[in-house]
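According to TrEMBL, the protein has these features:
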- B:ARG208, B:233-234, B:247-251, B:264-271, B:ASN285: FAD binding site (BINDING)
- B:4-187: domain 'Electron transfer flavoprotein alpha/beta-subunit N-terminal' (DOMAIN)
Amino acid sequence: MSLRIVVTVKYVPDATGDRHFADDLTVDRDDVDGLLSELDEYAVEQALQIAEDADDAEVTVLTVGPEDAKDALRKALSMGADKAIHVEDDDLHGTDAIGTSLVLAKAIEKAGYDLVISGMASTDGTMGVVPALLAERLGVPQVTLLSEVSVEDGTVTGRRDGDTASEQLQASLPAVVSVTDQSGEARYPSFKGIMAAKKKPVESWDLSDLDIDADEVGLENAYTTVDAATERPARTAGTIVKDEGEGGKQLAEFLASQKFI
Amino acid sequence: MAEVLVYVDHVDGAVRKPTLELLTLARRIGEPVAVALGNGAADTVAALAEHGAVKVLTHEAAEYADYLVVPKVDALQAAVEAVSPAAVLVPSSAEGKEIAARLALRIGSGIITDAVDLEAGDEGPVATQSVFAASYSTKSRVTKGTPVIMVKPNSAAVEAAPAAGAVEALSVTFSDKATGTKITSRTARESTGRPELTEAAIVVSGGRGVGGADNFALIEALADSLGAAVGASRAAVDAGWYPHTNQVGQTGKSVSPQLYIASGISGAIQHRAGMQTSKTIVAVNKDAEAPIFELVDYGVVGDLFDVVPQLTEEIKARKG
Ligand SMILES: Cc1cc2nc3c(=O)[nH]c(=O)nc-3n(C[C@H](O)[C@H](O)[C@H](O)COP(=O)(O)OP(=O)(O)OC[C@H]3O[C@@H](n4cnc5c(N)ncnc54)[C@H](O)[C@@H]3O)c2cc1C
Ligand SMILES: Cc1cc2nc3c(=O)[nH]c(=O)nc-3n(C[C@H](O)[C@H](O)[C@H](O)COP(=O)(O)OP(=O)(O)OC[C@H]3O[C@@H](n4cnc5c(N)ncnc54)[C@H](O)[C@@H]3O)c2cc1C
């Protein structure tokens, strides 16, 4: 029996760029290059490994985002995913986490799935909630924040390393999994992979394809609103000394002056 | 006054500090009603009452420890239905976020994660978030449903504010999805005796410049001289020198202590994301051009193998 894996991947502004907000207080996507959220590369990697270990599996990558978000899909396809789905609609601009999870869940259902794999968090919103929201919406188990994952005989198992304990988890498919950056280095696309990706199918869906009304998503209909965004004032230049044998003592003096000692 | 639900994070009855901070914030927007679940729930009452909980809803069942997240969502939903609160506050931990998000979906509410401050506003609670690796600060609100807000550790001072702490047993019926994800085994993390990273007033971190697992003893000695927690950069964690649970940064813990000391850490954006809101930042790095120096209140350009031990000795000498 074939295993249908859907990997959710997000297109985000490069964290090393100068990210800021647009006038409507959504993320300004024009000023900074976008890319596949690095943490989703780990999700793609685990999907590919699970697919390689299965008799017959198919890996679909799914993104909800603007036109450019195709770049994120191409990257995932060049890593080795089989096909891609791009959900794009002008009415999606400014959608929050609750709305995004609705769109993703509808698209996952339409695509058909046995396993959904997500990253632990995006590198822009960094909420870390979408996988749990998907599990709730899809009505399937969540097996999240895994640093180790495997799938066998319709069962997913994994290790979740928490603050106070490390737990071993188990659930039956279908399920939603999310993996951390401890799950294993993501592969680099090979030249062959990049060439092959150009021929792989990318489907485009809009809200009507998913039976979602425009008034369920977008900035106007979000469940949250941002009233203000202010740039953090640059830190005032600190004191910097060169160690010429007394650096540790000078630092102690500073700490004492600040009452830390 | 409106009631505000506070989800209690505790380990076998010992309430963790971020929950006590939530009680302080909850009092700004209403009367705190705490929800304590699982083994030891009843033992949390004294601490919660001392910090302002007018009521504590408790429920113990094996499901909370045996299955992932959903039983706690079921219970919190029962609490929302019992109380009709003006807001629900949950610690912004990995598990807290998942519980809160699923609850919000069930009750038709919006969510805000990683709030660093909370105030009452004309149209409901206003949360401050620190975003884009702490380069921006935003004010946001939940506009639909009962605001569900997750708050980061160290976002408020813990204040004693004795309240009734009336205990009520919460009645919970688990949903058929509650047993979907089984926790088949659990290995508790061994305590180092040092403060919890996200809760510590001082954090001392080491990076690739520390050069090896054994050398982390230098970082630990400095931490111990200050009663601090130990952190590490991802480079040090990936090299296997220090446990991932101690990683500071975007994919590790975010910390906001009074004092952060970084040694042998360059200050990459993903590391900054986790420590930039520290009140005072100090760095030791042999490269004068390292980006970490853009953030510091005090920096020493030098070899950490010279500077750190000398600093530790000097602190010990001063403390007597
Ligand atoms: C700085 C900032 C702060 C924000 N704060 C809030 C807030 O407080 N409340 C709120 O409701 N919304 C907020 N948003 C909006 C929110 O980021 C997006 O709606 C969103 O896509 C979901 O949250 P996340 O990106 O943080 O996802 P996370 O939950 O961090 O993402 C986890 C995983 O979900 C998947 N995923 C997430 N989004 C997509 C997507 N569009 N396409 C495919 N896969 C996806 C990926 O696998 C990802 O690794 C914020 C956005 C920004 C940029
Ligand atoms: C998606 C993603 C998520 C990430 N998440 C995190 C995260 O959560 N946390 C994190 O830390 N990183 C994270 N990173 C990695 C981050 O980009 C950097 O690679 C990492 O922070 C570098 O660690 P470092 O500063 O210890 O090492 P380096 O950048 O190699 O810096 C080592 C520093 O030590 C100095 N040094 C060397 N020897 C000495 C000496 N003897 N004395 C004094 N100084 C010395 C050097 O001058 C240098 O500045 C993430 C990356 C990605 C892509």
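Glycine is no exception: its Cβ is also placed from the backbone N, Cα and C atoms.
A map of TrEMBL features onto the structure.
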| residue | record | DSSP (3 states) |
| --- | --- | --- |
| B:ARG208 | FAD binding site | helix |
| B:GLN247 | FAD binding site | strand |
| B:ILE265 | FAD binding site | coil |
| B:HIS271 | FAD binding site | helix |
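Here the binding-site residues are B:ARG208, B:GLN247, B:ILE265, B:HIS271, and none sits under 8 angstroms from chain A, going by CB atoms. Sparsest Cβ environment among the binding-site residues B:ILE265, B:ALA268 (other Cβ atoms counted within 10 Å): B:ALA268. Comparing the binding-site residues B:GLN247, B:GLN250 by how many other C-beta atoms lie within 10 angstroms of each C-beta, the top residue is B:GLN247. Listed in sequence order, B:GLY207, B:SER233, B:ARG234, B:VAL248, B:GLY249, B:GLN250, B:ILE265 are the same-chain residues six or more apart from B:HIS271 (FAD binding site) with CB atoms under 8 A from its CB. Under 8 Å, Cβ to Cβ, and six or more positions away along its own chain, B:ARG208 (FAD binding site) finds B:SER233, B:ALA235, B:ALA236, B:ALA239, B:GLY264, B:ILE265, B:SER266. Within the model, the domain 'Electron transfer flavoprotein alpha/beta-subunit N-terminal' (B:4-187) shows a mean pLDDT value of 97, rounded to a whole number.
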